[in-house]
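Peer 1: If you scroll down you'll find the structure; I have some questions about it.
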């Protein structure tokens with residue numbers, strides 16, 4: 001027997017082999033609810049990043065970053081002697097993965113360090129940017145996260161190149177493993193777009209390539225991008241700089257730009273400011289054919305130490321660098337803020353050309369060589385632009401904004417500074433999460449502001465009295481629970497938006513959402529507002545309760561009442577301090593994306609979707625930062641409390657609705673019931689007595705999944721057990737309280 005044959009680890013290495021998802025590709029991703037546990041965090045559960053950041057000498061750190069900008073390293077020389085443009089790109093590409101549709105992506109978790117982002121074709125050479133930063137990160141240690149450092153470095157880069165920035169806020173905590181919940185698309189090749197569009201690019205086989213015109217893409221002006229994606233091709237941040245699928249069509253490119261930037265919550269003015277401002281600096285890199293570039297970081301050898309895209313062309317760096325395959329420098333001041341970009345955009349006529357790598361780009365007709373070389377002071381080049389740049393000239397709306405910025409440089413500088421701040425802070429949530437001395441004082445509507453507390457808060461005695469008044473008001477347990485749930489569960493852990501604070505459930509657009517049952521909601525709110533007014537009028541010393549607090553307190557009262565009906569005395573924790581936002585503080589268009597298209601917790605779906613209802617339930621639970629046990633206990637409790645939209649009886653597996661019992665689980669797992677779908681769509685089911693055929697219950701996919709999915713069933717069996725009633729009540733109260741307080745960052 002050979003030595004190789006004797007080795008017990010010839011193939012059987014831990015984690016390899018055929019997986020469950022290989023066997024069952026459509027298996028429900030319950031594992032998404034257990035991401036980023038304390039087991040992956042080397043800092044331990046006791047580490048408090050906010051406290052660590054407060055001890056940071058921010059000004060000293062910024063001085064070190066300023067020095068780094070012009071400290072060119074031989075192993076990766078700085079273009080134009082300044083790393084600023086590289087670091088602006090790093091920060092932009094960290095924040096720029098954010099999409100407003102589900103709030104996921106963005107720079108708030110430091111995910112650019114991990115796959116797939118660290119190996120995206122659009123992120124070529126950003127591995128070098130992070131390595132340039134490593135000595136500074138090493139020096140300041142855990143006082144600043146990678147997530148904060150990448151954004152701060154982009155800010156300092158802009159300042160070092162002459163722009164007055166709007167401000168900077170820290171508070172982004174690092175994660176320690178790749179996000180698994182982000183849907184980047186289903187394409188299996190880099191730069192592919194053939195799934196997100198009905199007819200898009202098939203992509204390339206290599207991790208780095210230049211995509212030229214794709215004749216299969218017939219309708220770039222009218223195509224619709226799949227939601228919630230905000231990038232036109234797999235591995236790009238936004239758009240293809242050559243044009244849609246490599247078609248060098250500025251007007252079609254403008255459509256892609258408008259669509260993708262809107263999905264990152266940017267309007268036309270912000271879009272123009274960001275593109276023009278970003279392209280005021282630096283250059284793109286396409287010194288030679290793309291086939292000179294090697295594997296991305298995740299496919300690299302051990303000796304590469306996490307660096308990728310080894311370039312065999314010339315020196316492989318400096319003047320020989322290849323990233324996008326494009327070779328464009330926009331301005332005569334690539335390391336200094338200026339208005340050159342617009343002067344060149346409108347001052348020249350442009351003709352189509354190709355980079356040394358074969359990518360479509362544009363060169364100024366009959367122009368002198370006025371653009372400096374990045375590494376040879378004796379050389380000059382003709383002005384060049386990307387197809388996406390020309391979109392700002394030939395799209396009528398973009399052109400009007402661009403010409404105004406050209407004529408009013410001060411407006412351009414201010415618009416870019418503000419848009420950059422929004423780009424890099426959009427996923428951080430409310431201002432209460434902002435840390436540091438550079439936080440701007442101005443309140444912005446996209447931050448979803450709420451008023452500060454300016455009055456004494458209610459105490460425990462007040463809360464107890466209010467709960468009695470609420471329960472005597474004639475409002476049902478179901479109405480109180482569903483209203484509190486609807487108010488709190490707009491929250492998204494992805495971008496920290498939504499939640500009960502602000503009581504925006506009484507404002508447009510939330511008051512009119514189908515899931516919120518507008519007619520019922522109006523009656524509940526009217527009653528609660530009367531209770532609020534009576535209480536506040538009776539107080540002395542300015543004590544008040546906000547409607548936001550009262551909505552949550554009312555839900556708590558209903559839960560306590562239902563638990564008492566089940567034989568359990570509980571007090572649901574309540575922390576006053578929420579305030580009521582105004583309609584003027586609420587951007588209707590921005591809040592519209594928070595509308596639930598489906599909420600399995602309330603057995604609601606706005607319509608039938610291609611995605612199974614149980615998968616949408618997992619998505620909702622993940623955005624609410626729930627674990628699998630929390631998801632399970634909440635669904636079971638909400639069903640018996642009657643919180644379904646439209647008073648639907650689906651999933652109400654109890655003969656005593658309004659009582660906080662574990663009946664949902666006991667009856668779902670009862671083998672005396674046989675379940676059958678009521679239609680070929682298999683979205684609703686009947687449960688009949690196996691012996692008599694008598695109808696016992698009706699349910700939906702999000703009900704039956706707790707008996708069907710092996711992981712969720714394992715949890716459901718705990719709560720269905722004969723000894724589980726008390727545990728069920730206490731676990732429900734804990735999970736309910738967590739949801740009610742998801743947006744209470746002031747309590748952390």
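A Cβ is built for glycine as well, from the same backbone N, Cα and C atoms used for every other residue.
OK, Swiss-Prot features for this one:
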SITE      89  site 'Transition state stabilizer'
ACT_SITE  93  active site, proton acceptor
BINDING   279  heme b binding site
Peer 1: So, three-state DSSP: helix, strand or coil for the residue listed as 'heme b binding site'?
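Peer 2: Its secondary structure by DSSP: coil.
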Peer 1: Can you tell me the CA-to-CA distance separating residue 89 (site 'Transition state stabilizer') and the residue listed as 'heme b binding site', as a whole number of Å?
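Peer 2: Just about 10 Å between their Cα atoms.
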Peer 1: Roughly how many Å separate the Cα of residue 279 (heme b binding site) from that of the residue listed as 'active site, proton acceptor', to the nearest whole number?
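Peer 2: Cα of residue 279 (heme b binding site) to Cα of the residue listed as 'active site, proton acceptor' measures 14 Å after rounding.
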Peer 1: Same chain only, sequence gap of 6 or more: which residues have a CB within under 8 Å of the CB of residue 93 (active site, proton acceptor)?
Peer 2: 112, 117, 122, 123, 126, 237
